[in-house]
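Student: I have a structure I would like to understand better, so I am pasting it below and will then ask my questions one at a time.
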Amino acid sequence: MNDDRHRRSAASASPPAPPLLRAAAAWSWRLIAIGAVGYGLVWIIGTLKIVFLPCAIALFLCALLRPLTARLERAGLPSLAATWITMLLALAVLGGIGTFVGIQANEEFPKLADEVQSTARSLQHWLETGPLHIKHSQIQNSIDQGIDYLEKRRGKLANTAVQAGAVTVEVLAAIVLLLFITFFLLKDGARIWDWTIGGTGRYRPRIDRAGRAAWETLSQYVHGTVMVAAIHAVVLAVVLAVLGVPLVAPLAVVIFLGSFIPIVGILVGGALAVAVAFAAKGGAIALIFLGVLIVEHQAESHLLQPLLVGRLVRLHPLAIILAISVGGILGGIPGAAVAVPIAAVVYRAWPALRDPPDDLPPDVAAATDDSEGEGHEEPPENAEDEQDDDGKPGGKAGPGD
């Protein structure tokens, strides 16, 4: 008994844990919980990427196409008719571009093959007679080794083709889902948003502000990026045509699509165009195009991006690279394409979700935040009929409008 009392008194007399250790312990379990939730979200997104990616891309398409739908509605067309016209026009434009690119590629591929063979012979002659003085037998051995490498992996290529067939089915399913989601976002975007935040209770005003800030950022990003990508593709297509490089239209489309992935996209698209220029016209033409590409990219980064996209949605290059890496791991090329705008949207929506509205005095904003949701006033039944100058329900710009 005395020994137990002695041990208890000794334990009670032991010094308390240092404040730094207590703070570290308190933060440790919080970080573990956050990490577990984050891992769970990443696992869910990676598992259901065939659903999440079409949803994300549909939001971008809705941000791009919604102004046209709103104009048609202001012209007196019903919402359903305006949505159908917008979708059909978008599909017609995409189909026309795809048909034109396919026709040009089919016509110019034979010419490109001949030019590649001519460039290969010139390169081989330069390697043999130039300053390197590589023997013809060494070059031929390298070519033979490359052919043998491909022959040995013919089975793997066949398996890859079978896997590509399965992926094609998934892609087709994702495209159908994408069109379905885009249609209803264009038609009922505001109603979908109101329904989504309807069960958030007292947090509804704050979430609504964050959603509207996110939608404004996404719309600005999508419209600005499309304009920048179009200018980028047109300028480089003109340069390729002047230099006499074949496959101008397919390369322009690749450059246009690559412009939606900051930093990485221009490197991949530009490298492909330089490779085609080198294969078709030789090193001098490829160097000229590379110089134009570098100058044009600098002009895009320092002039077009701030002017058309705006500094509001610009992120640090490190954040861009990390976002692209995470998006690429989770969703491949489509995931990398949507990662940066998602990061920009989250970056802009978080202050609106965290801070009180700027248009209220500090004391009123604090009182509003303390009593949010105590009595949320529902909009009148005819609120959907009240439109502002931009055709947005209730005079406010919300997601889907």
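Cβ atoms are placed via backbone N, Cα and C, with glycine included.
TrEMBL does not curate its annotations; it predicts them automatically.
So TrEMBL lists these for the protein:
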- 380-389: compositional bias 'Acidic residues' (COMPBIAS)
- 355-401: region 'Disordered' (REGION)
- 20-44: transmembrane segment (TRANSMEM)
- 50-68: transmembrane segment (TRANSMEM)
- 80-103: transmembrane segment (TRANSMEM)
- 161-186: transmembrane segment (TRANSMEM)
- 221-243: transmembrane segment (TRANSMEM)
- 249-268: transmembrane segment (TRANSMEM)
- 275-295: transmembrane segment (TRANSMEM)
- 315-347: transmembrane segment (TRANSMEM)
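Map the listed features onto the structure and describe their local environment.
Tutor: Sequence-distant contacts of the transmembrane segment (221-243), counting only residues of its own chain at least 6 positions beyond either end whose CB sits under 8 Å from a CB of the stretch, comprise 60, 63-64, 249, 251-253, 255-257, 259-260, 266, 273, 277, 281, 285, 288-289, 292-293, 296, 300, 304-305, 308-310, 313, 341, 344-345.
Long-range Cβ contacts of the transmembrane segment (249-268) within its own chain (Cβ-Cβ under 8 Å, at least 6 residues beyond either end) map to 97, 100-101, 104-105, 225, 228-230, 232-234, 236-237, 240, 276, 297, 317, 320-321, 324, 333, 336-337, 340.
Long-range neighbours of the transmembrane segment (315-347) within the same chain, counting only residues 6 or more positions beyond its ends whose Cβ lies under 8 Å from a Cβ of the stretch, are 42, 45-46, 49, 52-53, 56-57, 60, 214, 217-218, 221-222, 225, 260-265.
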Student: Short question: which residues 6 or more past the ends of the transmembrane segment (20-44) have a Cβ under 8 Å from it?
Tutor: 330
